[in-house]
Amino acid sequence: DAGSSVEEMEFNWDEYLEDTGATAAPHGSFKHVDTSLQNGFAPGMKLEVAVKSDQNTYWVATIITTCGQLLLLRYDGYGEDRKADFWCDILTADLHPIGWCEQNKKILKVPEGIKDKIPDQEEFLQRVLKGACSAPANLLEGLHRGKNPLDLIAPGSRLELQNIRDSLEAWIVNVVENVGGRLKLRYEGLEDSDKFDQWLFYLDPFLHQVGWAAQHGYSLQPPLAIRSLRSEADWQEILKKVKEEEEESSVPTDLFKDKPVIGVHSFSEGMKLEAVDPMAPFVISPATVLKVYNDKYFLIEIDDLRPDRPSSQRYVCHVNSAGIFPVQWSLKNGLHLSPPPGYPGQDFDWADYLKQCGAEAAPQSCFPLLTSDHGFKENMKLEAVNPVDPEEVCIATVTKLKDSYLWLQLEGSKKPVPDCIVSVESMNIFPVGWCETNGYQLRPPRKAIVNKQKKIAVVQPEKQILSSRTVHDGLKNQELNSSDSVVINGKYCCPKIYFNHRCFSGPYLNKGRIAELPQSVGPGNCVLVLKEVLTLLINAAYKPSRVLRELQLDEEAAWHGHGETLKAKYKGKSYRATVEVVRTADRVADFCRKTCIKLECCPNLFGPQMVLDKCSENCSVLTKTKYTHYYGKRKNKRIGRPPGGHSNLEVAMKKPNKRRKRRKHFFVHKKKRSSTSVDNTPAGSPQVSEKKSLSSSPTRSDLSHSLAQDRDKRKRKLRTFSFSDDENKPPSPKDIKMEVAEKLQLDSNPLEWSVADVVRFLKSTDCAPLARIFLDQEIDGQALLLLTLPTVQECMDLKLGPAIKLCHHIERVKLAFYQQFAN
């Protein structure tokens with residue numbers, strides 16, 4: 001085509017995945033990246049936190065989840081109740097390890113919100129702190145406070161690197177660059193030369209903190225490749241200097257606590273096996289165990305039968321080293337085994353070769369078990385290091401899978417390379433977006449750009465999904481930068497999002513497809529992780545276009561987050577819509593919950609909390625029909641405390657066998673009521689939860705007047721209910737029959753009930769699942785007494801059966817109010 005040209009374009013992963021029709025490898029498949037994002041704090045650790053309502057007192061809190069320098073905490077005593085969870089910034093909040101208060105004569109005092117739950121403070125603390133794990137003191141105090149442990153490996157830091165080519169000797173290396181845990185290393189003594197630089201991930205089993213060699217009986221010697229560049233006296237002088245500066249440039253030992261543990265091997269000298277050379281991982285070749293150093297390390301050499309071979313390909317291995325296989329593994333998996341150079345003929349046969357060499361094959365028991373449970377699939381995309389030029393990180397496509405190994409085709413490399421063979425646990429592969437997040441150049445593919453008008457996506461016939469929000473058109477496709485997201489020290493900020501497959505999936509999502517989703521996504525950049533989560537949900541729907549329409553940004557709604565364009569395909573047509581996602585970690589949990597409710601599924605179906613056994617929403621006992629009553633979409637009417645000075649509660653009753661008519665509204669005028677609430681947020685923590693609107697309440701005289709009218713009506717004959725023909729069939733008398741409950745005795749005046757009191761009452765009834773609606777809409781006692789059947793049906797979007805049951809309990813409260821408090 002004369003109108004096309006080949007040029008390097010600015011690369012965009014979303015467009016690239018759409019153009020190629022491929023999917024990104026799941027984030028959870030890159031375990032080393034997950035580990036690198038941990039901040040040294042772990043769920044379950046305990047610490048002492050200042051209570052904001054009384055900054056001179058502290059209380060014990062447990063870490064629920066972590067996200068960069070943010071911690072989600074829950075005061076001990078709340079049990080499984082999540083409503084009081086709060087986020088803390090390690091850098092600004094008043095946080096301390098367990099025992100700090102006692103050492104510094106500070107007061108440990110139960111917060112007001114749980115005072116009634118803990119009658120004996122000393123006994124409670126002894127019980128909860130027995131066997132508890134305290135948060136690390138060095139990460140809460142001093143120079144390391146609030147720092148991601150990974151950031152402690154700064155340029156200029158020193159480490160020890162084993163020589164993996166021909167011996168176990170180690171030498172000092174300097175960190176030149178740290179890219180998300182991928183370190184550019186330079187041998188000590190070669191400060192002016194980058195010829196021998198290496199790139200290794202910080203969790204590499206051959207990389208250690210300074211002092212490791214001496215502790216394990218290995219000598220510190222420069223590798224043979226550089227030894228001749230300086231005299232022996234120079235090397236000794238360098239070593240002396242390093243020891244003098246050890247404290248200044250050392251890296252904390254606990255940084256390496258997550259490194260893979262090297263087990264004991266059972267290889268013997270002379271054994272034959274199949275292997276991939278890590279420096280040129282393109283073919284599988286016969287290899288020999290050349291030397292056994294000890295019970296952990298052995299030396300492998302790729303077989304070469306040429307008498308005048310130019311050089312040997314050898315490297316040190318351990319029992320879990322990638323790229324070593326038992327004899328015949330290639331044949332059993334239908335793969336080509338490359339004969340050794342100098343082997344007569346092309347048809348390699350292991351039996352003849354072993355006989356010719358007089359060697360034995362390494363038994364199967366020498367090799368670790370391989371697994372195929374890793375989440376990778378053919379044609380998935382990821383980012384991978386070019387083994388020929390480790391400076392390059394390229395776009396990679398999975399072209400083949402065998403057990404725990406991937407064949408990757410690299411795109412955009414300066415020099416073309418064959419498909420690379422890598423382990424699924426390789427630390428040289430990364431998820432889509434890793435380079436962008438860590439500010440490293442990803443080698444883009446070189447593609448033909450054709451000067452043709454781009455085709456427009458087909459829009460769903462029944463309703464156009466494309467957003468017409470022109471004010472924000474410029475924001476839709478912009479690249480995310482540091483101002484768009486809370487990026488902690490240049491790292492991801494969104495916590496891991498779990499798919500809780502046992503939870504109720506609702507009417508839109510296919511239960512079978514939900515079960516096939518990965519266990520989790522992330523952690524990562526908030527926008528990128530949530531976009532991936534929503535894309536997975538859309539693809540798991542019965543009708544992806546319908547779910548996309550449910551998620552699309554309401555044009556009239558206020559803009560609170562980041563607009564992202566999501567796509568769906570259904571019956572050969574393509575759809576796209578702008579969906580709003582949050583940009584900061586503290587809003588992720590609320591975003592996930594609200595999205596679940598929007599999709600009429602269990603609020604815990606996905607989110608930062610993993611449901612291990614029983615869902616807190618008890619969703620498994622509810623049928624699909626019942627569940628949508630409770631968590632179905634609701635209209636934008638709120639029946640709790642409104643922000644203004646009036647309440648627009650509609651009290652029109654339906655008349656039997658007639659279409660519902662528009663009725664006039666009456667207004668209950670309210671005076672503002674000042675209320676004080678206990679603030680259990682720790683001192684110095686960021687305000688990350690949404691601020692509740694100030695509540696207004698009706699006066700007692702107005703409310704009493706309204707209730708008196710309601711009491712007069714009560715004396716009249718009970719009215720019958722009408723049912724709309726288009727939605728509900730009239731229930732049988734058996735359905736609406738209610739047994740007369742025993743008389744309700746109230747301990748306090750419902751007029752003075754808080755939202756929590758109302759929720760507590762409902763949870764004591766058979767309408768407990770509806771308590772969440774009352775909590776979300778902030779319905780207190782005064783609002784409760786104003787509720788009627790039409791109001792409940794319309795504003796809570798409940799069908800007749802659940803609405804009647806709920807109103808029965810509301811009537812019991814009203815009756816008890818008249819009898820006990822009305823006079």
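Residue numbering: from 1, along the chain as shown.
Every residue gets a Cβ built from N, Cα and C, even glycine.
The compositional bias 'Basic residues' annotation in TrEMBL covers 655-674.
According to TrEMBL, the compositional bias 'Polar residues' annotation covers 675-684.
Summarising the annotation, TrEMBL assigns compositional bias 'Low complexity' to 694-706.
According to TrEMBL, the feature domain 'SAM' maps to 750-816.
What TrEMBL lists as region 'Disordered' is 655-734.
Annotation source TrEMBL lists repeat 'MBT' at 11-111 (among others).
Per TrEMBL, the feature repeat 'MBT' maps to 119-223 (among others).
Residues annotated as repeat 'MBT' in TrEMBL: 233-340 (among others). Counting residues per DSSP class in helix, strand and coil order gives 24 helix, 25 strand, 59 coil for the repeat 'MBT' (233-340).
Per TrEMBL, repeat 'MBT' is recorded for 348-445 (among others).
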So how many of the residues in the repeat 'MBT' (119-223) end up helix, strand or coil by DSSP?
-> 24 helix, 30 strand, 51 coil
Which residue counts does DSSP give the repeat 'MBT' (348-445) for helix, strand and coil?
-> 15 helix, 31 strand, 52 coil
Local confidence of the domain 'SAM' (750-816) - pLDDT mean = 85
